[in-house]
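These come from TrEMBL:
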TRANSMEM  12-40  transmembrane segment
TRANSMEM  52-73  transmembrane segment
TRANSMEM  80-98  transmembrane segment
TRANSMEM  104-125  transmembrane segment
TRANSMEM  137-156  transmembrane segment
TRANSMEM  162-183  transmembrane segment
TRANSMEM  303-319  transmembrane segment
TRANSMEM  339-358  transmembrane segment
TRANSMEM  370-390  transmembrane segment
TRANSMEM  396-417  transmembrane segment
TRANSMEM  429-452  transmembrane segment
TRANSMEM  464-484  transmembrane segment
Amino acid sequence: MVFRKPPDGGWGWVIVVVSFFTQFLCYGSPLAVGVLYLEWLDVFGEGKGKTAWVGSLANGIGLLASPVCSICVSSFGARPVAIFSGFMVAGGLMMSSFAPNIYFLYISYGIVVGLGCGLLYTATVTITCHYFDKHRGLALGLISTGSSVGLFIYAALQRELIDLYGLDGCLLIVGALSLNILACGSLMRPLESSDSPPPEKTCVDKVPEQYFVYHEKEKTVEENISILEKGYVDEKCANNVPDYKPDSILNKNVLSSININEKDTYKKKVVEQTNFCKQLAKRKWQLYLNYWEETMVLFKNKVFSALFVAILLFDIGGFPPSLLMEDVARSANINEDDYHMPLISIIGIMTAIGKLTLGILADFKWVNTLYLYVTTLLMTGVALFAIPFAKSYLTLAMLSGVLGFLTGNWSIFPYVTTKTVGIEKLTHAYGILMFFAGLGNSLGPPIVGWFYDWTQEYDTAFYFSGFCVLLGGFLLLLAALPCWNACTNQSSKLPPNTYSYKVASSA
């Protein structure tokens, strides 16, 4: 399919609005799961590492399934996927209100809700990138703030609903609110195809390839049938039986012709079905091989290879604070009178500001988006190292704000991916990267929780988290250095649709 040039406006702004509310409704509860995490600890009495799996699965399983989500969006379109995923998110939240144990939550809240969120995230990002080119950074920043605003509101909303209706009532109400995703998804109109259609195919080109195969097979069948008929006539002539009447001979010829036509039709159908299955299997196998060949080409790009390592390590270390910060404050014995606002809400509102700010910065021509992303990684690592030294609500609130703002680099991650591999390979590459991001999201909170179960304090856990993020940032920085581009240009040309950050820094 050939899409026309992105309009950078018009219905694209409607797409931005509905994508914003889609991420607001689907990610509000999973990102603010830290409030529910404290309740699940008290209700089920399990360890911190075991209970943290619920929230980590909800935020990670959708990203782990990103390759599948990308295939679904490419095959069915953003609108059908968004509507179907709305049912998944709402149903998973409502099912979670009846959870008898923590293992049921792994499926209902972790897998069902998480997979629905992953499908919705891929759909909103993909359709937004199709509608915007020049203002893509701003558009992605706006829609990604939906999840952050959802985190800010749902953190306070879920706490209030728990006080009024209990944990079960809270999940039922939040699930009912998620049904509004269906209305948002119905407005995700796909980008119209190009007004200038591709050149008309010739009559021969319009004929499917299977026709030529079937035609050859049919011809063979017809030849075989004619040979059989000829043999049958020759045999009759040799026997020379003159006793039959003309009527009986005519009737027998008609019956023989009918039988031959039936056999002819049956054999043709068998040949057609057999060859169709063979051709279909060959084409599916070729598509499979092409997918892996394209994947290998992507990993030959040093920046892309470093990017997937960085996103994995970043999510292992950078995601746990949004889930466990409330428990960190409770473990530090902070006075409730000083607790003016939930720390998760602070992370949420600052993440929204960070996504919008970084998205706007990415649209400036003099800003190198890769180096901007690397800077956020390095600063996040430093902030994580500082958490063990925070012993008051004020310091924890400040660090929560800094971490929230830096986590806003999610808004420029699709932008960086697009500039790295090109818009044509965005869906493929983004699905792979989101798989590793989901792996990091799934492993990060349980690892931090296990560190606490072993040591009965969070200090060691956050030292480990900070080290992971810093390591990923330094690896990505090394891969993006201009000297590598110079060496590559001298040895060989870059593959098609790759992005040279040395050139892009001034473009």
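Cβ from N, Cα, C; glycine included.
Residues 31-32, 34-35, 141-142, 144-145, 147-153, 155-156, 159, 321-322, 325-326, 328-329, 372, 376, 393, 396-397, 400-412 of the same chain lie 6 or more positions beyond the ends of the transmembrane segment (339-358) yet place their CB under 8 Å from a CB of it. Take the transmembrane segment (80-98) and the stretches 104-125, 303-319, 370-390, 429-452, 464-484: counting Cβ pairs under 8 Å, 104-125 has the most. Contact between the transmembrane segment (396-417) and the transmembrane segment (137-156) is present: at least three CB pairs lie under 8 Å, with pairs separated by 6 or more positions in sequence. The transmembrane segment (162-183) makes contact with the transmembrane segment (12-40), as judged by at least three Cβ pairs under 8 Å among residues 6 or more apart in sequence.
If you count C-beta pairs under 8 angstroms between the transmembrane segment (137-156) and each of 12-40, 370-390, 429-452, the highest count goes to 12-40. Where the transmembrane segment (370-390) meets the stretches 52-73, 104-125, 303-319, the count of C-beta pairs under 8 angstroms peaks at 303-319. Contact between the transmembrane segment (464-484) and the transmembrane segment (303-319) is supported: at least 3 Cβ pairs lie under 8 Å, counting only residues 6 or more apart in sequence. Each of 12-40, 104-125, 303-319, 429-452 was scored by its Cβ pairs under 8 Å to the transmembrane segment (52-73), and the highest score goes to 429-452. Beyond the ends of the transmembrane segment (429-452), by six or more residues, the same chain brings 47-53, 55-57, 59-71, 118, 121-122, 125-126, 295, 298, 304, 307-309, 311-320, 323-324, 331, 413-414, 417, 420-421, 458, 460-462, 464-465 to within a C-beta distance below 8 angstroms of the stretch.
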